[in-house]
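Participant: Pasting a structure here, questions to come.
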């Protein structure tokens, strides 16, 4: 049976899988370090043709985020006074939500988006969700206020956590959002072919560094503290993030709305006309 066209999950190279298994045999500690390095290192993809126009027509500038002492690349798109914050996902770019942005510009809005640290044109080699959140909160201080916030994948988790931590918007939209952080790490470790204990060791290492639990960053936890209306959009054929994540987040929202699509996968959903129409109707 052929795989559906929507499937775009990144295949892990055999050399990395082999290295992971060898390190695990030698030392679980080394395997954990290797897994953490891979988990926090995004892939920089070439700019697709569909994003060239937004890239060319955006005002761009490097912005330092003091809380993490790193730089992001900021994109200011359009000239409308009312602004909307767009947040890309892991290994994404500030221009990735271009189809949504173009429609918002037609309505008189402007959009602010960014390449998170180590993504797109932003310097660095590693990043994590806490840096995405720090960037979103700093951007609000420097370039806000924002009417709405829209996030894809890890960007959805970022939007939820940013609102929990003080980002002020009237409504939010999350598309293909991840949910439980431990589930995300468990899935990553499984794909590397490592023992489940490595995921536990990763969590402990992250928590020791952050000084807080990883679960506190899960989207459903943030949802409990989000009082504004939130539209949750997810495709039932998403191969990167299971659709169960959307249903779980939705259960914990005070004012949630749920849209489940078919055969769009994790990325094609960003350019779907019905999805964009739903977003426009939701924020207006």
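Positions of Cβ are set from backbone N, Cα and C atoms, glycine also.
Features from TrEMBL:
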type	residues	note
DOMAIN	84-188	domain 'AB hydrolase-1'
DOMAIN	226-280	domain 'Peptidase S33 tripeptidyl aminopeptidase-like C-terminal'
Participant: Could you give the mean pLDDT over the domain 'Peptidase S33 tripeptidyl aminopeptidase-like C-terminal' (226-280), rounded to a whole number?
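Facilitator: That stretch averages a pLDDT of 97.
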Participant: Report the DSSP secondary-structure composition of the domain 'Peptidase S33 tripeptidyl aminopeptidase-like C-terminal' (226-280) as helix, strand and coil residue counts.
Facilitator: 21 helix, 14 strand, 20 coil
